[in-house]
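Below: the structure, in structure tokens.
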């Protein structure tokens, strides 16, 4: 439908010059690579034609000519002439003007300045969601358009950057190529990114084109929404707010629950609180206590927390409810902005209620002092008090006052117009507007017209013009064809000369469509979850189409992520908009006049009000389990077919909700097309299940699994609900152990949620599938869903790994016996044993790159475990010439995520700190700086200036002696401690600078000064840890003492001849040994390095990592560098595995460098024997684990737990106190972590910690595993008591609860720890079971 709207703004600026019967009209703006059209009208009755010379010229500010175009034209009497100029592509900013000179005796000279517009392209960004969780993928599209909303031919690529909330560059595409004006890509958000508002920006030729934000946060997508609105308009005299609360699922059905309403007044203090039960809709009255307003209206904050019945899911809505002093408002409606002295002026006072309805019966006195007008009157049924005022010739201003009997007061001033004539012309639309159909306009003038000229303007230029001769009539029917060139918006201007004055009128045409008439529709508005939906598209053949669909619930966060019709209008207006001035219509139209003294321009062309005109507007069927619960989907690109249409069939997700579907299209010729508004459809079933399952449970506990049934069929039915025992993972309490399913029946009335539950125990650890099916009407209506909950061990898991490494340069045969160390007190049935054969040293590491360490990684140093190993793996894969592209891609993607994570810890001075808001650390900045520099060769996102600034900060921290001392908290004593002359930290910083070629050159003096300090300290270094790092630094520097240092280091080592192992027995043996191995590699002592490598390999964890982050970093680095020298490309060997009375064989060749072989071993196995024969390289790994109760640990921390009385069965308050037990007085631990695990059924909210001690503050709190575990980080701990209180809430029913535990440990020396168990309420089965589930004793 096309709409015609009268407007005061003309977005195409034009100029008019009229003289000697000549009218010259043209755009005032010029752009590069765009047509410029001038229209000259000859209404001179004396001359049959005029000859003119047109000159378009421009120069830069320094006088350099950039444009000089001339044209000779003639214009015949009573005709128009359209002259086109093509602006060059390379037009630049400057001073431009157009000159019109008469020729061949015709005296005429006019010139006008033109304004150069540099903006010739614009951009849009579409994101698939407004908000993302850590670990999500952000899909986005960039759309680039020219002034005609088409893909710009000259722009082939754009520069796209994504930044985190601290403006760190996380990802960039320096040459993002456009296809049909579109660039599409995605960003994998890291699992622990910086939360907050992120930014996508697009640049073209160094200037920002467009940007858009999205949010990264932890959130749960609500299944329902709550609306809070006044039941009646609140007035001060009511002294109350009456609210209506509506709660509906996104698919339209009402929600049952409890609404908690809180009213705040005066500095946001809680004044009133009420609760009410709501089923879909409810009302509540909140009364004030002497509420007095200072203004005519005041916002009152109201908070509504709606808790869904049965599930306890909660939606919180905070609203500002406006209270008014009076029941109505008033506006002055004028026939024109200004009045004409001596002529009647019509206006009206429009009274409306605050809901927009007319306010009739409002009485009061109207006074207009300037014309001595006074009356007492009442508003009519339309809320109007109509006035006709008679200003005299001398009236300068009308001051209109209204005083109501209830004290309401209003006034407004109206100014007179500076008039030059009483004549006017008017343009009115008289027909609907349709593409390629005639538009009918009525042109009316107060004088008989001999001619008038019309101009059609769109997209910054005049696209049509005409010279009409009405034969001296005051009215004329103008008919114009609505062409595609006018789309999407155009303006029509008419002008004539009446009484030596140019009078004019204009109209805006808003087509409400685009030249690319793209359309999108679906075959059903309601569809069952998981079923297929058909999309029908029509548009220009071959055009690009971008589709997106997302859960309507996401709009509760924001809706700016998507593209809408209104966005396209804003882009179009952005090219052509100018400022409005309601009192200077020529200014608003972009007009200026060039006339002789006897031809004037009318300054008031609005004689009547400009009102908008709207014209012409089966039984036994296979049950599908719902498992796909995406929040956004259908992010897809397609092309329109040759026929101009395209159909697409897609499967909708399994979520029961409402969806928004949007689509746009781009054609190179016809430009952009987009649907008018998003298509909304609902995935709903007449009968369905909603689950409310816990995140995790412990094995052996009795747990209630809660479901809710909904019936929308209009009648009550008996439902059969079946819970399945999938893979024998589940035990139904009170039922035979052999049952594979359990069915219950329940009556389900229409439109009411009916709860049903099952009491179960989990038999096996790991992920347990919960599969449930419900049916009514003998199976004609069914629903089924499957979800996974985690089954945790009742004891602590004890992982173990025995590794044997072999490297045969020639054919050999060797046997490796392995005895398993399984504790005799291990829980029965908990032992798992696996044999792995890896022909590649890093196969296990690559497999576990995304979870190398089992401990938390919530600080700036620990977080690097998500970054550095990926670099080492990529180095290794490239060094051995791996062709496994999927492994390279995995490591590269994880490297990008690790980079994202690490940027959270960057400080404003360029350094990196342990926490997000803290001082920079010398140790960590050195570590991050050198790692980032190395990573640049694999990801281009890293900002070189950022790395340089970090290393500059590092260099600035050097002591005049050459040493480096710690800055920031001490959390790694061996590295940061200053008791041994800072040798370790100084060596570490030098190592970072030496491994960075740019820093090595830039900070050569710093390096030289540091190496001098190390060489001066060399004689006194008697700690193997210090010496290992110093030796590696000397190797990197090529120092003259490097060989002496290595020999001294070797002398400090320990040798296990039976295992062919060499290591250094310090407080940090893995780091020390790894640095030593790096020095062996640098010295090319590969044979001597094999025993060192053997020992390191045998210290690895199951994931291929080492106990802590620094162990892992330097350990993997050393093994990688060594492995690069021992290529598996010559592998050709056979492996025989013997255990008990069984044997397995493996044949390995050089083609299998990335293949892992494994065998599950019976749990009662105590020893294995492995024989290897052949040539090559490999790792033999026996991975096993068992569960052990938490008893008899030797505590190195004091740990105290106290359960506090809350007076509620649903709230747990646990006071935790911990302190370090030093072996020497006043010594402190390294970084200390406290992990609190909660009993099954309990979870924490977002801010669970209170009452913490201040002496040694908590640096970070991390909520894990769905709120069932909380980790607290301390810089370190001493003998002081470090206390806090944790609050958790029971959300699920669990009986036979296993004890929970709290553990505190030193992060860099996990042998220093303490652990305590605690228990909460002793619920038994009889307290939580339904009658039919309860055992006989209940």
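Note that Cβ sites are derived from N, Cα and C of the backbone, with glycine treated the same way.
Residues or ranges marked as signal peptide in Swiss-Prot: 1-21.
The Cβ of residue 68 (N-linked glycosylation site) lies under 8 Å from the Cβ of 55, 56, 57, 58, each of these being in the same chain and 6 or more residues away along the sequence. Under the heading N-linked glycosylation site, Swiss-Prot lists 68 (among others), citing sequence analysis as support.
In the structure as shown, the Cβ atom of residue 199 (N-linked glycosylation site) sits within 10 Å of 15 other Cβ atoms. In the three-state DSSP reading, residue 199 (N-linked glycosylation site) counts as strand. According to Swiss-Prot, the feature N-linked glycosylation site maps to 199 (among others), an assignment based on experimental evidence.
Positions annotated as N-linked glycosylation site by Swiss-Prot, on the basis of experimental evidence: 242 (among others). All protein chains included, residue 242 (N-linked glycosylation site) registers 16 other Cβ atoms within 10 Å of its own Cβ.
Taken from Swiss-Prot, the feature N-linked glycosylation site applies to 312 (among others). Cβ contacts within 10 Å of residue 312 (N-linked glycosylation site), excluding its own Cβ and spanning all protein chains shown: 16.
Marked as N-linked glycosylation site by Swiss-Prot on the basis of sequence analysis: 481 (among others). DSSP assigns residue 481 (N-linked glycosylation site) to a strand.
Annotated N-linked glycosylation site per Swiss-Prot: 637 (among others), in sequence order, evidence recorded as experimental evidence. Annotation for residue 637 (N-linked glycosylation site): same-chain Cβ neighbours under 8 Å, separated by at least 6 residues, are 182, 184, 544, 545, 546, 547.
Marked as N-linked glycosylation site by Swiss-Prot on the basis of sequence analysis: 728 (among others). Counting only same-chain residues at least 6 apart in sequence, those with a Cβ under 8 Å from the Cβ of residue 728 (N-linked glycosylation site) are 740, 763, 764. When secondary structure is read from DSSP and collapsed to three states, residue 728 (N-linked glycosylation site) falls in the helix class.
Long-range C-beta contacts of residue 813 (N-linked glycosylation site), restricted to its own chain and to partners at least six residues apart, with a cutoff below 8 Å, comprise 1171, 1172, 1173. Residue 813 (N-linked glycosylation site) falls within a strand segment according to DSSP. Residues annotated as N-linked glycosylation site in Swiss-Prot: 813 (among others).
The N-linked glycosylation site feature in Swiss-Prot is assigned to 919 (among others); the stated evidence is sequence analysis. In the three-state DSSP scheme, residue 919 (N-linked glycosylation site) is classed as coil.
Here Swiss-Prot flags 1065 (among others) as N-linked glycosylation site, drawing on experimental evidence. According to DSSP, residue 1065 (N-linked glycosylation site) is assigned to coil rather than to any helix or strand.
Long-range Cβ neighbours of residue 1283 (disulfide bond) (same chain, at least 6 residues apart, Cβ-Cβ under 8 Å): 1215, 1216, 1217, 1218, 1251, 1252, 1253. Positions annotated as disulfide bond by Swiss-Prot: 1217-1283 (among others).
What Swiss-Prot lists as disulfide bond is 1326-1338 (among others). The secondary structure of residue 1326 (disulfide bond), as reduced to three states from DSSP, is helical.
The number of other Cβ atoms within 10 Å of the Cβ belonging to residue 1334 (disulfide bond), over all protein chains shown, comes to 16. Residues or ranges marked as disulfide bond in Swiss-Prot: 1329-1334 (among others).
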In three-state DSSP terms, the structure that residue 312 (N-linked glycosylation site) belongs to: coil
Nearest-integer angstrom distance between the alpha carbons (Cα) of residue 1326 (disulfide bond) and residue 1334 (disulfide bond): 6
Neighbour count (Cβ, 10 Å) for residue 1065 (N-linked glycosylation site): 11
Closest of 199, 242, 1329 to residue 919 (N-linked glycosylation site), Cα positions, recorded positions only: 199
Winner by Cβ contact number (other Cβ atoms within 10 Å) across the disulfide-bonded residues 1217, 1329: 1329
Local backbone state of residue 1334 (disulfide bond), from DSSP in three classes: coil
